[in-house]
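Here is what TrEMBL records for this protein:
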ACT_SITE  Glu342  active site, proton donor
ACT_SITE  His373  active site
ACT_SITE  Lys502  active site
Amino acid sequence: MSKWTALKAHHARVADRSILSLFEADAARAGDFSTRAGGLLFDWSKTNIDAEGRALLLALAGASGLAGRRAAMFSGQKINETEDRAVLHIALRAGEDQRILVEDQDVIPGISAGRRACAAFAEAVRSGGFQGQGGKITDVVNIGIGGSDLGPAMAVLALAPFHDGPRVHFVSNVDGAHIHDTLAGLNPETTLVIVASKTFTTIETMTNADTAKRWMAKRVSDPGAQFAAVSTAADKTAGYGIAPERVFGFEDWVGGRYSLWGPIGLALMIAVGAEDFGQFLAGGAAMDQHFLTAPDAQNMPVALALVGIWHNQLCDYATRAVLPYEQRLSRLPAYLQQLEMESNGKSVALDGSALTVQSGPVVWGEPGTNGQHAFYQLIHQGTRVVPCEFIVARHGHEPDLAHQHLLLVANCLAQSEALLRGRSLDEARAIMAKRGLSGAELERQARHRVFPGNRPTTTLAMERLTPFSLGQIIALYEHRVFVEGVILGINSYDQWGVELGKELALALQPVLEGRTGTEGKDGSTAALVEFLKA
Ligand SMILES: O=P(O)(O)OC[C@H]1O[C@](O)(CO)[C@@H](O)[C@@H]1O
């Protein structure tokens, strides 16, 4: 029997079981289904996975070649086969004493030199050693999209309590409203623009960079002097007129959505300083060590992946909600959408054959408690089950507002408890009876107040959101995506699915300008062009 078949048979046997019954049968369950790594706690006991299910999932992971693929990634082998590239974001946070070879070349010295160059520039911007035409830099605008935006934007917000540098803004959308509203109120003479693009060809980024240059040129005699670039394409940055000392390069074996750890993190480094950025890297490196050395059964990224596989593949839950009870992680769901969906949203296996399992799930979410007053209604009482992943810290950063943090934590725990327990019809009837209802009206009202419960959740808990713990969490999710991708048998590191839309958008520009016609377009697109063309 294949590992998948065995798992499916097990799932069929336990699918209708109540998760609460697992706690009743095993007093030690919470500890047994919790995984710890460097101060983080991942509680996956509020799922329907039992000891047998876990053993079968671990066997599946083992049989998928996880150990070999992990070793291959960490040793610089070209596991991104469709792009013929190594996958080495882990090298960006590795210590200077490590050696990682790509085609017999140690990549660590180059990474260390790049890190030092970024740190020197970031510190110069922060201290005033680097100035704009109008003096010390007050504002930094990072222009990038996808992996060149979501990571730094998420992390800059997450680490707000550590900011002591200039204000940092992010422009990503080609919608002119984004750059217009961001630049409004900024002083071009004290603004630094970072053009962040791995390829330096992305149309949104290059269009916004041109707009920023024109805005700056109105007040600054040499706008290029207040531009920096982060890219793998040194030839293109030079062509754009940015002096080489402000160009920070990285290698093509760093995928866009995995690039926050290197020069793409420049905006973060300017905001919090090189030392705190180093702590962020240290957190990521600590998670790497854990992932490499902890046995699979005690391995946190593996645990997250097994829960993900169980819910997506066995239970057929098509989405998962990421719900940080931490306002400053409000961009984390968007960041994870790219990380997870661009990585594991594929229909083809490594060998080019059609995938025989589902691709990765839809990832979405919002911070708690806001979500509670918006979409949790469906999570509690809707007909579809949405596995929820809660994230919470023991402490906030506002000692004067500790009572608010306590309320936040109470809400987080209450949600997973409510989703586990639910409320039975009898309990709802008792509540209605207490309110003085009886008969058919009591019955009718009680039915609306039933919570089915038995809805799976996990909770990732930490001491406090710091540069180090943020690094741990981001690396944790990266490795989770890797493990899920290995189990699904796909390449998590290419993204061919983004190409077609880009090509068609380019072709539609002259059609919308009226320079070419709508021949060959489907009826809907042609009609929309007619309606929307300027
Ligand atoms: O950094 P670049 O090359 O501008 O690309 C931005 C983003 O665009 C994508 O290629 C998707 O369109 C992402 O993978 C990438 O993060």
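Cβ coordinates come from backbone N, Cα and C, glycine included.
Shown here: features listed in TrEMBL, placed on the structure.
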residue : record                    : contacts (Cβ under 8 Å, 6+ apart)
Glu342  : active site, proton donor : Gly146, Arg257, Gln495, Gly497, Val498
His373  : active site               : none
Lys502  : active site               : Ile203
DSSP state at His373 (active site), helix/strand/coil: helix
